[in-house]
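K.L.:
Below, the features straight out of Swiss-Prot:
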type     : residues : note
COMPBIAS : 450-461  : compositional bias 'Polar residues'
CARBOHYD : 164      : N-linked glycosylation site
REGION   : 440-464  : region 'Disordered'
TOPO_DOM : 1-111    : topological domain 'Extracellular'
TOPO_DOM : 133-139  : topological domain 'Cytoplasmic'
TOPO_DOM : 161-186  : topological domain 'Extracellular'
TOPO_DOM : 210-223  : topological domain 'Cytoplasmic'
TOPO_DOM : 245-270  : topological domain 'Extracellular'
TOPO_DOM : 292-351  : topological domain 'Cytoplasmic'
TOPO_DOM : 373-383  : topological domain 'Extracellular'
TOPO_DOM : 405-508  : topological domain 'Cytoplasmic'
TRANSMEM : 112-132  : transmembrane segment
TRANSMEM : 140-160  : transmembrane segment
TRANSMEM : 187-209  : transmembrane segment
TRANSMEM : 224-244  : transmembrane segment
TRANSMEM : 271-291  : transmembrane segment
TRANSMEM : 352-372  : transmembrane segment
TRANSMEM : 384-404  : transmembrane segment
C-alpha cells in the first residue's frame, strides 16, 4: 500500500470519527472529550497537507518509511519538505555538473575546428604568396590572380574569422556597435573579393585554353592590373558604404543595434539581400560555370584532335616504312610535344574544376539560407546552424591553397622548396628516387648550380650528397632538352585537307 493510499485512508477515518463525536487514538480505542481532539485535528490537517504536497509532486510517494503500518506520522511536513528540497538541490547540482562538462567539451570542439580553419587559411595562403615570390616559374599572368586571391583569403581569416570565432565561443558580442559594423563590412568585403578572384581566374583560364594564340594579346599586364583593381574596389560598394550608413537593414533593427552594443546581428532588408547576393555569389557563380563548361568543351575537342593526329602520325610512319624512305619524322616528335601540352591544359582545367566545386560546396548553402531568410520574415533559423553555414563558407579560404598544393605540380614543388628553406632540418636527409619529378618542374635560377660548384670545390664531400647534386644537375640538363623540344614549332597536320595532301590513303 503506497503512502498516498495510507494517508487517504487515515484522513478519512479521522474525519469520520470527529463527526461522530468521539475519536479513537491510533494506539487505543478510548473515548475522550472534544478538547482532547485538537491534536488529532492537527494531525488530520497534517495528513491533508501531506496529500496536497504529494498531489503537487513536492513529496515522492515512495517515502514509505515516513509512515509505519498502524503508527502515527512522526515526521513533520516541514522536515519532509526540507529533505525533499535537499534531494532536489543535490539532483540539480549533479545535472549542472553534467551540463558543465558537456558545455566544456562543446567549447573545446569549437575551438579546435575554428582554430584549424583559421591557421590553415593564414599559413596556407601565406605559403602561396611566398612561393610565388621566391620561384620565377610561378610568376605568370594567371598566378597574379592567385597571389591576389591568397591575400584576400588571408584577410578573411584575420579580419572576419577571428571576430566570428569570439562570438561562436563566448556566445556574445564584446566589441561595441562600431566594431560590429566594421566586422560585418570586413566580412562582406573580403568574402566578395575572394569569390570575384575565382571568377577572374576562370576567365583567365578560358582564354588560355580556348584561345591560346590570342591569350598574350588579351591578358596583358595592363588588363590584369585593371581587373585586379576592379576586384578590390567593387566589393566596397556592397560592404562599407551600405553597412556603415545603415542602408543594409531596416530602421527599427538599426536603432535596436545602436541601443544594444552587446548585440551584433547581420539582419538585412530584402533589397540589400537580393543585390548583395547577386553581386557576391550568383553572378560570379554563373560566369564561372559557363567558363568551365566552355573549357571542358574545348579540352574534349582538342583531345579528339590529338587522337586524330596520333592516327595520322602512325599512318605516315607505316607509309614511310613500306616505301623504305629513310627520312626524319618530325611530326611524331612534335606530336608528343602537343600531347604534353594538352595534358598540362587538361590538368589546369581539372584544377579549375576542383576549385569551382569547392567554391560551390562551401558557399552555396550559405547564400541559399541568406536569400531565403531575408525574403521570409517568419522563417527562424537556429543560431548554431547559422554559425555552421558561416564557417563552411569560411573554409573555402583555407581550401584554395590545399587544392593548389595537391593538384598543381608547380605549386607542389614550390611549396616543397619553400618549406625546405624554412625548415631545413626537416628535409635534411636526401631521399634517392624521390622529388626528381618535382625538381624538374621548376627552375629556380641557380641554387643547384651553386651547390654543384660547392661540391667541386670541396672534392671530399659525402657520397650521398654528391649523388644528389649529380642527379639534380643531370635532371636540369634533361629538362632543358625537353623544354627545347616543347617549344618547337607545331607542324603536325590537323585538318583533313592537310592529311589528304600528305598521304592519299588517309581517310577520316
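Backbone N, Cα and C define each Cβ position, glycine as well.
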K.L.:
Going along the chain, which residues at least six beyond the ends of the transmembrane segment (384-404) come within the CB cut-off of under 8 Å?
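P.N.:
Non-local partners: 113-114, 117, 120-121, 124-125, 127-128, 146, 149-150, 152-154, 156-157, 160-161, 164, 167-168, 191, 194, 351, 354-355, 358-359, 362-363, 365-366, 369, 411.
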K.L.:
Which sequence positions outside the transmembrane segment (140-160), separated from its termini by at least 6 residues, show Cβ-Cβ distances below 8 Å to it?
P.N.:
117-118, 121-122, 125-126, 128-129, 132, 183, 186-187, 190-191, 193-194, 197-198, 200-201, 204-205, 208, 219, 221, 224, 227-228, 231-232, 394, 397-398, 400-401, 404
K.L.:
Sort out the sequence-distant neighbours of the residue listed as 'N-linked glycosylation site' for me: same chain, 6+ apart, CB within less than 8 Å of its CB, listed by position.
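P.N.:
Non-local contacts for the residue listed as 'N-linked glycosylation site': 183, 187, 387, 390, 391, 394.
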K.L.:
Which one of these stretches, 112-132, 224-244, 271-291, 352-372, has the most C-beta pairs shorter than 8 Å to the transmembrane segment (187-209)?
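P.N.:
Maximum Cβ contact count belongs to 224-244.
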K.L.:
Going by DSSP, is residue 164 (N-linked glycosylation site) part of a helix, a strand, or coil?
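P.N.:
For residue 164 (N-linked glycosylation site) - judged by DSSP and reduced to three states - the answer is helix.
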K.L.:
Please work out the helix, strand and coil residue numbers for the topological domain 'Cytoplasmic' (210-223) from the DSSP assignment.
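P.N.:
With helix first, then strand, then coil, the topological domain 'Cytoplasmic' (210-223) has 8 helix, 0 strand, 6 coil.
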K.L.:
What else in the chain is close to the topological domain 'Extracellular' (245-270), if you only count residues 6 or more beyond its ends and a Cβ gap under 8 Å?
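P.N.:
For the topological domain 'Extracellular' (245-270), the list is 167, 172-177, 180, 183-184, 187, 276, 374-375.
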K.L.:
Using Cβ atoms and a strict cutoff of less than 8 Å, what residues sit near the topological domain 'Extracellular' (161-186) while being 6 or more residues removed from its termini?
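P.N.:
Same-chain contacts beyond the ends: 107, 110-111, 114-115, 117-118, 121, 155, 239-240, 243-244, 257-258, 261-264, 266, 387, 390-391, 394, 397.
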K.L.:
Against which stretches of its own chain does the topological domain 'Cytoplasmic' (210-223) lie, if we need a Cβ under 8 Å and a gap of at least six residues from its ends?
P.N.:
141, 204, 294-295, 298
